[in-house]
Structure formats: C-alpha cells, structure tokens
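The following features are taken from Swiss-Prot:
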type	residues	note
REGION	1-64	region 'Domain I'
REGION	65-143	region 'Domain II'
REGION	144-152	region 'Flexible linker'
REGION	152-202	region 'Domain III'
Amino acid sequence: MFAYIRGRLEYKNNDFLIVESNGVGYRIFTSLSTISGIGEIGQEVKVYTYLYVREDVISLYGFLTQEELNVFELLISVSGVGPKAAVSVLSAISPSRFSLAVITDDVKTLTKAQGIGKKIAQRIILELKDKIKKEQLTEYAQSEEGGKVLDTDSSKMAEAVSALMVLGYSPAEANKAVSAVYREDMDIETIIKNALKGLARP
C-alpha cells in the first residue's frame, strides 16, 4: 500500500517512530539500526514501509534503507517468523551480514538476535538460502566476470563470489579475490575467509 513515507520526524524510541506527513502522524515500528540512523526530531525523513495485516492486527513497519526492508520481507516469509522477530534480527545484524550468515549456514550469528533460537535460525537458513543465493548469482551471472566463471568453474566458486557481493564488493572485486585463493578442496567458508583476508590487505 505504501512504498515509503516522507515527512517530519516527530518522535522516536527504541521500538517505533512517529512521522508526520500531510497532517497525518504515522506510527512506524522499526529496528534499532534505523532508530540510530534516522536523524533528529524535527528533520525530514524518508522511511521505506511495509503494511502488515493479519486478522485483527494492522501495523506499519518501516526502515531507513530498501535493503533493510527487503530483508524484513524475506524474514516474515519464513514459517514461524513474525514481524517482531524480523525486526529483532535487523536490530542485531546488518542486512549484508544477515545475507552472508544465511549463505554460509552461520546459525551462531542469527541467534544473536533476541528471540531467535537455534531451531528458528536453522529454519531461516533452510527457507531463505536458495532465494538469497539466486538473487546474488543472477546479478553475478549478468556481469562479464560472472559469465566467465559460471560457464567454466565450480558452484563453490560462484557461491563464494556471491557471498562477497552480499558484503558490497563489486563482481570484479569479488571474482578477483576468490580466484586468487580458490582451490577445489576448500569449503565455502574457507574460500570466503581467505578472500576477505586478501581484500583487507592494502
């Protein structure tokens, strides 16, 4: 219903914002990361929103970035994960860190979020891993570097490059870093860790 709301920030606490737009005050539930980055009371803000409707509950959720909103929508698509749990995840880890945790089966990182136990974390990974990998691999395949690797190399290499792209590296940067460390006998986590070490060097 609402893609985003732009207006004056009237109030914020650790759970929600109130944004006034055209004389209407919208209560928008959000994450701690959005709360900390949204700005000061009285400033004009833009919040990407999602209208959550279930039986007798209608709530508006919103985030500072489209990336946060995308992860929120992915999370609430998981069986047993509601909007409050999704917000809890986004309060604990960034969207890129979340995507990397899912791709690399990192249950420990997901359970840092309040209310997310091991079983729920495993379910999140099970239900979202292919979706996130497909999104990143599609972007990668459309790049010149991706076309070369996906035609000739293993899926492990492509997945490692995909994980680096989740962290914000370009296809060219990710491909170069992975190619420099890749060996067929490595697992995904080792490839990613070694590639990140290479990227961290000046």
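Including glycine, each Cβ sits where the backbone N, Cα and C put it.
Per DSSP, the secondary structure of the region 'Domain I' (1-64) breaks down as 6 helix, 39 strand, 19 coil. Broken down with DSSP, the region 'Domain II' (65-143) shows 58 helix, 0 strand, 21 coil. Counting residues of the region 'Domain III' (152-202) by DSSP class, helix then strand then coil, yields 37 helix, 0 strand, 14 coil.
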